[in-house]
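Novice: Here's the feature list from TrEMBL:
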{"type": "DNA_BIND", "residues": "128-228", "note": "DNA-binding region"}
{"type": "DOMAIN", "residues": "2-116", "note": "domain 'Response regulatory'"}
{"type": "DOMAIN", "residues": "128-228", "note": "domain 'OmpR/PhoB-type'"}
{"type": "MOD_RES", "residues": "D51", "note": "4-aspartylphosphate"}
Amino acid sequence: MRILVVDDNKPAVKLTQFVLSEEGFEVRTADNGRDALRIVETEPIDLVVLDVMMPHMDGFDVCRRIRAISPDTAVIFLTAKGELEDKVRGLQIGADDYLTKPFEPSELVARVQAVLRRTLRTREFEANSIIEHGGLRLDPVANQLTLPDGKVVDLTPIESRLLHALMRNIGRVLTHEMLLEAGWGSNYIGSNNQVAVYIRRLRAKMNDDSEEPRYIQTIRGVGYRFEPQE
C-alpha cells in the first residue's frame with residue numbers, strides 16, 4: 001500500500017515516513033499542496049496523511065482537489081490540539097479520519113490501518129459492481145461487456161479489470177503504471193507495451209476505432225482515458 005505524507009514540517013515528515021515504512025508501507029512525501037497533487041495525479045496513492053496548516057494552499061483545499069482527482073484515495077487530516085472546528089470541517093469536505101498533534105506513532109499506525117481496511121472493503125464491493133457508461137454495461141464478475149446494440153462480449157479477467165478501472169475513472173487519465181497495477185496487481189513488473197496490447201484487444205471487442213476512438217482515448221506518452229464520444 002502506498003501512502004503520501006504531506007506536511008511543511010520536514011522533521012515531522014521524516015518521523016512519519018519512518019514510522020509507516022517500518023510497518024511495511026511504501027511512503028511518498030511532499031512539503032506543499034502543489035507537489036502533493038502532482039503525485040496524486042501521476043501515481044496510485046492509497047492514503048494521504050495531510051497536515052491542515054500549510055503555506056500557499058491549506059490542507060482543506062488540497063483535500064477537495066484530491067477528492068476531485070482520485071475519489072478512492074483515503075485522507076487522514078493532522079490537526080492542531082483542540083481545533084475542533086478544523087476536525088469538523090475536514091470531515092465535512094471528505095476526510096476519512098483525523099489525528100491531533102502531537103500524536104503517538106502507534107496511534108498513527110492504528111488509524112492508518114483502520115482507514116485502509118474500510119477503504120479496501122469499499123473497493124472490493126465496487127470491484128464486483130456492474131458499471132454503465134456511454135451505452136456500455138460491464139459486469140466484472142461475469143467478465144462480460146454488453147455493447148450499445150445489446151451484443152454481449154466475453155472478456156478475459158485482465159481485460160475486464162482494465163476496462164473496469166477506466167470506466168470507474170471516467171474522464172480521468174490513467175497512466176500506464178496505474179493500468180498495470182489494475183490489471184496485473186501491485187507487485188507485477190510489466191511494460192507500457194503490454195498495456196497497449198490489451199487496450200487494442202479491448203477496442204477490437206468494443207468495435208472502437210483506434211484512429212477515432214469512441215470510448216478509450218490515448219494520451220500519448222502518459223496512458224489512457226475512458227471518455228465516451230457522442
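Glycine is treated like the rest: Cβ placed from N, Cα and C.
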Novice: Might you list, by sequence position, any residue in that chain lying six or more from the residue listed as '4-aspartylphosphate' with a Cβ less than 8 Å away from its Cβ?
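Specialist: The answer is V6, D7, D8, N9, A12, G59, F77, L78.
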Novice: What are the helix, strand and coil residue counts for the DNA-binding region (128-228) according to DSSP?
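Specialist: Split into helix, strand and coil, the DNA-binding region (128-228) gives 35 helix, 24 strand, 42 coil.
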